[in-house]
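Novice: Annotations for this protein, taken from Swiss-Prot, read as follows:
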- Met1: N-acetylmethionine (MOD_RES)
- Lys40: N6-succinyllysine (MOD_RES)
- Lys57: N6-succinyllysine (MOD_RES)
- His327: active site, proton acceptor (ACT_SITE)
- Lys406, Lys410, Asn411, Lys412, Met413, Leu414, His415, Pro416, Asp417: CoA binding site (BINDING)
- Lys406: N6-succinyllysine (MOD_RES)
- Lys406: N6-acetyllysine (MOD_RES)
- Tyr439, Thr441, Thr452: (R)-carnitine binding site (BINDING)
Amino acid sequence: MENQLAKSTEERTFQYQDSLPSLPVPSLEESLKKYLESVKPFANQEEYKKTEEIVQKFQSGIGEKLHQKLLERAKGKRNWLEEWWLNVAYLDVRIPSQLNVNFAGPAAHFEHYWPPKEGTQLERGSITLWHNLNYWQLLRKEKVPVHKVGNTPLDMNQFRMLFSTCKVPGITRDSIMNYFRTESEGRSPNHIVVLCRGRAFVFDVIHEGCLVTPPELLRQLTYIHKKCHSEPDGPGIAALTSEERTRWAKAREYLIGLDPENLALLEKIQSSLLVYSMEDSSPHVTPEDYSEIIAAILIGDPTVRWGDKSYNLISFSNGVFGCNCDHAPFDAMIMVNISYYVDEKIFQNEGRWKGSEKVRDIPLPEELIFIVDEKVLNDINQAKAQYLREASDLQIAAYAFTSFGKKLTKNKMLHPDTFIQLALQLAYYRLHGHPGCCYETAMTRHFYHGRTETMRSCTVEAVRWCQSMQDPSVNLRERQQKMLQAFAKHNKMMKDCSAGKGFDRHLLGLLLIAKEEGLPVPELFTDPLFSKSGGGGNFVLSTSLVGYLRVQGVVVPMVHNGYGFFYHIRDDRFVVACSAWKSCPETDAEKLVQLTFCAFHDMIQLMNSTHL
C-alpha cells in the first residue's frame, strides 16, 4: 500500500470515473438459460419441466417486452441498476437494518502489536483514530490509489461514501446523506462524534489548519471517558437507530418536533466523519478464535453505535477494535481497504506513536445534549429491548483454519475462493442432506458505479461432486474429476458475473419494470422454484470473500433457516465467520464451520491421492 501511495501522485482517486463503461444489459436468452441451469439442483423432473415452460412463455411473451423497456432505460443511464438496487436492497427495507443489514468486522491489530490488554483502550484508540483520519485526508486529496484489475481501473465512487455519510430513516423509504467533498470540490465536515455510556460528544479533528495528533486525540478521548465514568449514563439516543425503520422515522420526527435543537444535533452526527464508539466490554480474541470479538462488534451495546452511520469505529476496554457499517452506501471491500491501510500503519510503527508529545490548546469536546421527554425515553427502551432480544438469538462461529491456505491450493492449481465455496457446499450437504442455494458476491466495479452481482455457487456440477463424496461406490479418480468440473463451472460463472453477464440483477430489473408499468407480476417470479433456488432474497447461504489481507467481516443470514458466511484467505490459513439464528432448529453455525474445515482436508486429500 505504501508503494502504491508513493506512486499515487500520478493518478487521482476519482480521475477515471467519467471514462468507465456503462453497466450493460445482458441478453435475455442468455440470462434465462443461466437461470434455468441454476434451478436444476432444487427441482425434480416434473418441477423443472414446469419451470422450463414458464421460462419459455416468459421469453417469447412479456419477458421480451420488459427487456426492450429495460434496454430503453439503460440508454439514458450510465448504470441502469444503481438507483433501483439502492432502493430495493437497502432503502425500502423496513426491518431493523443495524442488525439485519449492516456488516461488521474486527481490526487485525490484535494479531501483532496490540493483543488484548486492559488499560490500553484510550491510548491505542488515539493512534488508530489518527491513522483513520490520515486516510480521510488522503481521500480528500484524491491520493488513495485507484483500484485496478491488471491495467483496467475500477469504479471508486463508493469511497466517497466512507466518511461523513449517514442513512436517514423515512416512513416508507430511507435516504442517504453524504457530506463528503474532496479538497478540489470545497469544504467537508471535519468533526467526529464519540459515543460513550449513552452520551454523545463532538470535536473537530483539524486545529489551526492541521490534523490533531494522537496525544491531542488522547486528551479528547480521556476527557470524554472520565466524564462518562464519573457521571450518570446518558439516555442512549443512538439505540433508536437499531429500531424497525418506520418506527425510527416516526421517533425521529417526534424528537425533532420536541425541540428544533434536536435536529441540529442529529445533523452533527449525520455529517460527522465517523462515529467513534467506546464500549465497556472486553471480548476474548486470539488469532485462531474470532467468535466473541465479532459478536461484540456486530451485536454490542446499541447506545454506543449509530446504526445508520457509514462508519462506526468501535473500541473495547481491552484495546481491541472493530467497525460496524451501514451497508447501503458501500460494500465491504471499501472498508477492507481502509482497515488494511490502518493495520499496516500500526504494524510499521510497532503499535506506537513516534511523533511529538506536544498537546496544543484545542477546545474540549462538546456534549450533544438532546431534549427528551417520557415518550422519547420510552421509544429508546423499546428499541433497546427489541434489539437485545433479536441480537441474543444470533449464533456466531468464527475461526481460523491453520493447516494450510492459499499457497497449497494454488500449488494444486485450485482457485482458493472456489476451493472455499465448494467446501462449504459439501459441508452444507453433509449437515443438511440436500444442496443449499448459495449467494456469493461478485464484483461489478469494472462498470460506472458498479457494485455487485449474485453468483449462484450451488451448481449442478457442485451437487454431483457432493453426492459422489457421500457415495462409497464412487472411486477417488471419479470424485476428483467431478470436483474439477465443479471448479471449472464456478470459475467461469464468476468471470461472467464480474463482466456484467450475471442474471439475477437482470431479472430484478425486469420485475421492477413490470411493477413500474403497473403490470401483474410475471409467473416466472411467483413460480415456487424461483424462491426455492434463492430468488427474491431467499438464499440459505449468504457468502462473500472479504479478500486476501488480514481483514475479516461478518453479516447475519439472509433467511431464518440460513447462514451468513464471510471468509478471508491468506497464504497459510483460511479465516471464516459464520452466523445463524439460534431459534432455527435446523441450523448450527459451529457444525457448519467444522464440517467446512473437514471438507478442506478431504479436498486436498483428493488431489494428493490421485497424484496430480
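Backbone N, Cα and C define each Cβ position, glycine as well.
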Novice: Counting other Cβ atoms within 10 Å of each Cβ, which of the recorded positions Lys40, Asn411, His415, Asp417, Thr441 scores lowest?
Specialist: Asn411
Novice: From the Cα of Thr441 ((R)-carnitine binding site) across to the Cα of Asp417 (CoA binding site), what is the distance in angstrom?
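Specialist: Distance (Cα to Cα, whole Å): 11 Å.
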Novice: Let me check the 10 A CB neighbour count of the residue listed as 'active site, proton acceptor'. How many other CB atoms are there?
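Specialist: Its Cβ has 18 other Cβ atoms within 10 Å.
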Novice: Starting from the Cβ of Thr452 ((R)-carnitine binding site), draw a 10 Å sphere and report how many other Cβ atoms land inside it.
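Specialist: Step by step: centre on the Cβ of Thr452 ((R)-carnitine binding site), count other Cβ atoms within 10 Å, giving 24.
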Novice: Please determine which of the recorded positions listed here (Lys57, Lys406) has the lowest count of neighbouring CB atoms within 10 Å.
Specialist: Lys57
Novice: Just the number: how many Å between the Cα atoms of Thr452 ((R)-carnitine binding site) and His327 (active site, proton acceptor)?
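Specialist: His327 (active site, proton acceptor) has its Cα 12 Å from the Cα of Thr452 ((R)-carnitine binding site).
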Novice: For the recorded (R)-carnitine site, whose residues are Tyr439, Thr441, Thr452, find every other residue on that chain with a C-beta no more than 8 angstroms from the centre of their C-beta atoms, and list them by sequence position.
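Specialist: Close Cβ neighbours, site residues excluded: Glu440, Ala442, Glu453, Thr454, Met455, Thr543, Ser544.
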Novice: When you measure from the Cβ of Tyr439 ((R)-carnitine binding site), which residues in the chain that are at least 6 apart have a Cβ under 8 Å away?
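Specialist: Looking at Cβ-Cβ distances below 8 Å from Tyr439 ((R)-carnitine binding site), excluding near sequence neighbours, one finds Thr454, Met455, Arg456, Ser457, Gly534, Phe539, Leu541, Ser542, Thr543, Met558.
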Novice: Between the recorded positions His327, Asn411, His415, Thr441, which lies closest to Lys57 (N6-succinyllysine), Cα to Cα?
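Specialist: That would be Thr441, nearest by Cα distance.
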Novice: Rounded to the nearest Å, what's the C-alpha distance separating Lys40 (N6-succinyllysine) and Thr441 ((R)-carnitine binding site)? Just drop the number here, would you?
Specialist: 21
Novice: For Asn411 (CoA binding site) and Thr441 ((R)-carnitine binding site), what Cα-Cα distance in Å is obtained after rounding to a whole number?
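Specialist: Rounded to the nearest whole number, the Cα-Cα distance is 25 Å.
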Novice: What does the structure give for the C-alpha distance between Met413 (CoA binding site) and Thr441 ((R)-carnitine binding site)? Integer Å is fine.
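Specialist: Just about 22 Å between their Cα atoms.
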Novice: Quick one: Cα separation, Lys406 (CoA binding site) versus Thr441 ((R)-carnitine binding site), in Å?
Specialist: 19
Novice: Determine which residues of this chain, when Lys406, Lys410, Asn411, Lys412, Met413, Leu414, His415, Pro416, Asp417 are set aside, have a Cβ within 8 Å of the centroid of the CoA site's Cβ atoms, and list them as they appear in the sequence.
Specialist: Leu408, Thr409, Phe419
Novice: How big is the gap, in Å, between the Cα of Thr441 ((R)-carnitine binding site) and that of the residue listed as 'active site, proton acceptor', rounded to a whole number?
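Specialist: Cα-Cα distance, Thr441 ((R)-carnitine binding site) to the residue listed as 'active site, proton acceptor': 13 Å.
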Novice: Met413 (CoA binding site) has how many other Cβ neighbours within 10 Å of its own Cβ?
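Specialist: Its Cβ shell of radius 10 Å holds 10 other Cβ atoms.
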Novice: For Asn411 (CoA binding site), what is the secondary structure by DSSP, using just helix, strand and coil?
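Specialist: It is helical.
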